Amino acid sequence: MNKPSAIEEILTNRTRPKSPPAIQASATFAWRALLRIRYVPEQLFDVTVFPIIFLLMFTYLFGGAISGSTGEYLNFVLPGILVMTVSMITMYTGLDLNKDIEKGVFDRFRSLPIWQPSVLVGALLVDTLRYLIASTIMVTLGYILGFRPEAGFSGVIMGVVILLLFSFSLSWIWTMLGIIVRSEKALMGISMMFLFPLTFLSSVFVDPSTMPNWLQKFVDINPITFVVDAVRTLIHGTGTNGDVMIVIYISIALIAIFGPLTMYFFKNK
Amino acid sequence: MTTYAVEATDLVKIFGKHRAVDGISLKVPKGIVYGFLGPNGAGKTTMIRMLATLLKPNEGHAKVMGYDLGKEADKVRHSISLTGQFASVDEELSGRENLIFISRLVGYSRKQAKLRADELLHAFQLEDVAKRQVKKYSGGMRRRIDIAASIVTSPELLFLDEPTTGLDPRSRNQVWDIVKALVKNGTTVFLTTQYLEEADQLADLIGVIDRGKLIAEGTSKELKSSIGAGSLTVHFDDSEELKKAQNIFISQFEQEPDINEQDISLTVMIKEHAKAAKAIGELANTNVQIKDFSMSQPSLDEVFLTLTGNVQDQEGGDSTNE
């Protein structure tokens, strides 16, 4: 039996290296999330197939009825569906975390002397990458189908950037729920309950001025509407700083509220 | 310099109405193996999770490696490592990736992390499965990678939550050897177990926990002797002789012996060995025919039974929930 001595040999070092800075810790958690995708590439199903199905479905289903032609509708609806799809996908962030926490490896993370939010920030960074994949696929497909952004390529990039900022911020809500809700199914239910009305009762599909008054009031204060409007105006070049600033404020507010809350529940689970 | 790795005072943790840990105070000297022994649901995991900064106690306070659990949690985390009961590494990643990952988190550079991972894989004899996902490991390999991940940097204090539960004897011995090597190197080990044998074999000091309370503490020798020196069992050829012996035993030990009709035997608990010898002599003097006799050391099982006054039952609701 040579094993105990082999183990004794590698135990010589009793001083720990300095704890990694927050960025290294976050990057390490992001690396872990990327490795997991490599082992289970099906994880990317939602960000690849969803955008395709959504775009095809809604463009050809509503296009003729709403705008008279699918081509015209595509230009109007693509920014909306883009926001809707990515917002929907953010929900998976919470689901993954919920599954992950149940397994117990989080106990080890939480007992390490690291900047604690890095566990979640790292995962969210990779999720943001997933949102970027979804956005790229949708815009590319849109382009093939005849979508022409009036503000050109740079408008699209700015639109996607603002959407990613919003999605990253929105994810903190699901992250928090992922920590406190006990089962994956319950979490799915809660997420859907919010996401469905919020995405549909917005300016994603139709111009709000066609809606009854009481509904318009809701649509006007719906954060998704603001995001859709900002992205739409950026993509089609009619954007003002005001549209974009509102989304930035919403994003900062989401992080300011749900970031600390998430960390509170994370530490005190 | 404190001499204690853990100093806990009146720790209490309440889940809803259930007092999972109900006022535990204990001191663990540095450099030993402390065995926290108790049945399922006794509060062992809750205790370990509090000491490892994962759960905040409702009452009481504790120092771990001299640092206050509440105010200096980060310093505590610098000195400890935790190997939880389930999946304390990422099952989706390979063993090597896990070790690199943890090494990076404790602050090694990319290059150092890879070196350290390979060293550990070698020492724990996991080189052959280094690139396999941990979820495909056997129970023994799982446990080894769990522990390897905990000693990426040698902790001053290592918490092991039921390290051998569900392992086959060979893997169990391997884990025991690892624990012994760690302690030899100066690490203090705080382990929980529901196996009396494990506490007996490994622990220098044993705390017995039941229903959230520490009901006894001592070396395994002390715990055993607290209930006497053991038991004396005498077998007879027929029950006539047993009857005679029974009376002699009652006068000798001032207690009613247990009678086993099938075996035709008597068993008494004894406080000193001399008394047992005297009683056997008395049986010979009065010409009671005995078939054979035997002395037995008390087992920790008996200690446990005596202390808790109940059979080790498998109550559900393990304390790991929440």
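In case you wondered, yes, glycine gets a Cβ from its N, Cα and C as well.
Sequence annotations record features per position, and here TrEMBL assigns domain 'ABC transmembrane type-2' to A:42-269.
The feature transmembrane segment is assigned by TrEMBL to A:44-67 (among others).
Counting same-chain residues at least six beyond the ends of the transmembrane segment (A:73-97), those with a Cβ under 8 angstroms from any Cβ of the stretch are 46-47, 50-51, 54-55, 58-59, 62-64, 66-67, 120, 123-124, 127, 130-131, 134-135, 138-139, 142, 145-148, 159-160, 163-164, 166-167, 170-171, 173-179, 181, 184, 187-188, 191-192, 195, 198-199, 202-205, 224, 227-228, 231-232, 235-236. Among the features that TrEMBL reports, transmembrane segment is placed at A:73-97 (among others).
Residues 22, 25-34, 37, 44, 46-48, 50-52, 54-56, 59, 74, 78, 81-82, 85-86, 89-90, 92-93, 96-97, 106, 109-110, 156, 160, 163-164, 167-168, 171-172, 175, 262-263, 266 of the same chain sit 6 or more residues outside the transmembrane segment (A:118-145) yet have a Cβ under 8 Å from a Cβ within it. Sequence annotations record features per position, and here TrEMBL assigns transmembrane segment to A:118-145 (among others).
Sequence-remote contacts of a segment are chain residues at least 6 beyond its ends whose Cβ falls under 8 Å from one of its Cβ atoms, and for the transmembrane segment (A:151-174) they are 79, 82-83, 86-87, 89-91, 93-95, 97, 124, 127-128, 131-132, 135-136, 139, 187, 191, 227, 230-232, 234-237, 239, 244, 247-248, 250-252, 254-255, 258-259, 262. The transmembrane segment annotation in TrEMBL covers A:151-174 (among others).
Residues or ranges marked as transmembrane segment in TrEMBL: A:186-206 (among others). For the transmembrane segment (A:186-206), the residues of the chain that approach it from at least six positions outside its boundaries are 58, 62, 66, 77, 80-81, 83-84, 87-88, 91, 94-95, 98, 174, 177-178, 215, 218-219, 222-225, 228-229, 232, judged by C-beta separation under 8 angstroms.
Cβ atoms under 8 Å from those of the transmembrane segment (A:246-266) belong to residues 110, 116-117, 119-120, 162, 165-166, 168-170, 172-173, 175-176, 179-180, 223, 226-227, 230 of the same chain, restricted to positions at least 6 beyond its ends. The transmembrane segment annotation in TrEMBL covers A:246-266 (among others).
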